[in-house]
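Worksheet: one structure, shown below.
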Amino acid sequence: MNFTGAHILSIKQFERADIQRIFDVADAMEPYALRRKVTRVLEGAILGNMFFEPSTRTRVSFGSAFNLLGGNVRETTGFESSSLTKGESLFDTARVLSGYSDVICMRHPQAGSVAEFAEGSRVPVLNGGDGANEHPTQALLDLYTIRKELRSNGRSIDGLRIAMIGDLKHGRTVHSLCKLLCLFQNISLCLVSPKELAMPDYIVEELRSAGHKVTITDDLASSIGNIDIAYSTRIQEERFASKEEADLYRGRFRLNQSIYTQYCEPNTVIMHPLPRDSRADANELDNDLNANPNLAIFRQADNGVLVRMALFALVLDVADQVDNYSREVNWYNSLRTK
Ligand code: NCD
C-alpha cells in the first residue's frame, strides 16, 4: 500500500509486505524510543489525539510516539468536553479538527465511527479502537512483539501456535490480531472463551479460509499445553448490558504461575493487551507471574511506542528522514543504558 497520507482504520487494508515495512521502520525507531538519540523530524507537526473512551496505553503511547519524533500533541478526551454532545456529526467534527492537526488518532465506543470520522478528515486518521470492532495498531504491536519474543526460540510467525483467552466476542484486539494472522501461513489458534463470548463466526471463517487450524473451546488447561503464545484478554465489561452480566464471566480463565508450570511448555510467552483486571474476582493474569521472564506484557506495551512511531513516520512520509534530524541526547536517562 502507499502509506503517505493514508488512514489506518482496519487490518484489512494491509498486505504482508506492508507489515514488513512497518516492522522495519519500527526497528529503526529503537534508539529514539530508548532516548539514545532525539530527532526533530516532525518539528512543528501537530497530532490531534481524540479519545472518547477510557485509555491509558494507547492514548499516551500515541502521544509519546509523536513527541519522540519531535511533534506536538493536542489532547481531547471524553464526550462531555466536545461538541459531539451538542449533536454535531462525526463528519463535521472531523472536517473542522483536521484543519488544526497534521494527523489524528481517535478512539470511540461505536463500531465504524472512526472510519466515518475519517471520511470528513483532511488529514490521516489512525484508529485507536472503534467499539468492539477493531484496534489495528494494537494488533500490529502484538504481532511485532510475537515476532521479537519468538526469535530467541528460533520460531517465526509462520507456524505460530497461539491461544487467545477470554472475551473474544467483544475484544477488538483479538479481532484485529486474527485478521492480521490471516496474512501468514500455517497457524494454529486455540480460541478459549465462555460459549457466550466466542470469537465472531465471520472471523473464524476468515482464519479457516486462510488455511489456519482453529480449535474452539471453553477449557483453559487443555488449550495451553502446546503453544508459543498465551494471549489473555479482559472481560470487556463496558460492552455488556450490565455489570452483573459481565460478573458471570469474570475470573473464568485465570492464569497464574502454578497453572503455567503445570500445563505450559517452559518457553510459552504470556501476552495481554492490558489493562489486566487485577481485582480479586477477575485476576486474569496473577501478579505471581511478574517474576516469570516469559511474561511479555510490559515489553508488549513498550513496543507500542515503536510501532506507533513507525506509523506516524510512514503516513507523514518522513521514515527515511528521521536520522537526518537527529542528535545524541545530553541528559541522563536510565532507559539508555538498557
Ligand atoms: C484494549 C482496548 O482498549 O481494546 N486495551 C488497549 O488498547 N491496550 C483492551 C482492553 O481494554 O481490555
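Placement of Cβ uses the backbone N, Cα and C atoms for every residue, glycine included.
TrEMBL entries are annotated by machine, without manual review.
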- Listed alongside Arg57, Thr58, His135, Gln138, Leu274, Pro275 for carbamoyl phosphate in TrEMBL, from Arg107, Arg239, Arg250, Arg299, is Arg107
- Going by C-alpha distance, which of the binding-site residues Arg57, Arg107, His135, Leu274, Pro275 is nearest to Lys86 (L-aspartate binding site)? Arg107
- Item | Listed in sequence order, residues with CB under 8 A of Gln138 (carbamoyl phosphate binding site) and six or more positions away | Thr58, Gly129, Arg172, Thr173, Ser176, Leu177, Pro273, Gly304
- Item | Collapsed DSSP category at Arg107 (carbamoyl phosphate binding site) | strand
- Item | Least Cβ-crowded entry, counting other Cβ within 10 Å, from the binding-site residues listed as Arg57, Arg107, His135, Arg172, Arg234 | Arg57
